[in-house]
Amino acid sequence: MIGRLRGTLLEARPPWLLVEVGGVGYQVEAPMTAFYQQNTPGEQIILHTHMVVREDAQLLYGFVDRFERELFRALIKVNGVGPKMALAILSGIEAERLVRCIEEQDTSSLVRVPGIGKKTAERLVIEMRDRLDRLEGNPVTVPGRVALPASSQVNADAVAALEALGYRGKDAEQAVAKAAAGLDDAEQAALDSAELIRRTLRLLAR
């Protein structure tokens with residue numbers, strides 16, 4: 001999989017960027033935020049990418065920062081939201097503003113974004129709110145919400161890793177909780193996410 005590109009911008013034709021890396025031109029579909037910041041042919045650019053492999057195509061989606069990519073990945077997990085809609089959403093609202101609307105359950109603001117209707121706005125709030133704490137690089141702090149303690153963050157990281165492996169969110173959360181339940185306080189304090197993931201995978205393999 002291709003997770004990052006660093007190279008020369010050859011063309012910027014929304015919604016596509018053509019980036020040359022090592023003599024190979026990569027056609028990358030991107031939200032409008034990428035074109036606002038990187039639109040001059042010949043300049044060196046960095047894109048954090050998400051790759052989709054299909055029977056008839058291999059598609060690359062690119063983002064100016066890692067958090068925007070992680071938000072895109074969270075969006076396409078929402079029922080009824082595919083890559084095209086996710087890009088349209090990220091083109092119509094800044095990533096931080098989108099997160100804040102979801103955190104505050106502000107569906108009235110969400111429906112003003114092109115591509116988001118009432119039902120989609122409600123699904124975004126319901127399905128994404130609990131995932132936002134696990135998004136890498138989330139810069140948004142909402143009053144009334146506190147940072148996760150270390151043990152909770154380890155659990156959240158493990159759940160996110162299992163979801164990336166294809167496990168459903170609820171199944172991943174239950175398995176991680178079960179794997180951690182057998183540890184005493186000292187073991188839990190010393191536990192890191194990598195070890196918790198290994199323990200959970202062993203549990204799931206039984």
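Residue numbering: from 1, along the chain as shown.
Using the three backbone atoms N, Cα and C, a Cβ is placed for every residue, glycine included.
Here's what TrEMBL has on this protein:
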type	residues	note
DOMAIN	73-92	domain 'Helix-hairpin-helix DNA-binding motif class 1'
DOMAIN	108-127	domain 'Helix-hairpin-helix DNA-binding motif class 1'
REGION	1-64	region 'Domain I'
REGION	65-142	region 'Domain II'
REGION	152-206	region 'Domain III'
Report task. Go through the chain and flag residues at least 6 beyond the ends of the domain 'Helix-hairpin-helix DNA-binding motif class 1' (108-127) whose CB is under 8 A from any CB in it; none is fine as an answer. Result -> 75, 77-81, 85, 88-89, 91-93, 98, 101-102
Query raised in the report: What are the DSSP helix/strand/coil residue counts across the region 'Domain I' (1-64)?
Result: 6 helix, 38 strand, 20 coil
Query raised in the report: On the 0 to 100 scale, where does the mean pLDDT of the domain 'Helix-hairpin-helix DNA-binding motif class 1' (73-92) fall?
Result: 92
**Report entry** DSSP-assigned states of the region 'Domain II' (65-142) in counts, ordered helix, strand, coil
**Finding:** 50 helix, 0 strand, 28 coil
**Report entry** Tally of residues which DSSP labels helix, strand or coil - the region 'Domain III' (152-206)
**Finding:** 45 helix, 0 strand, 10 coil
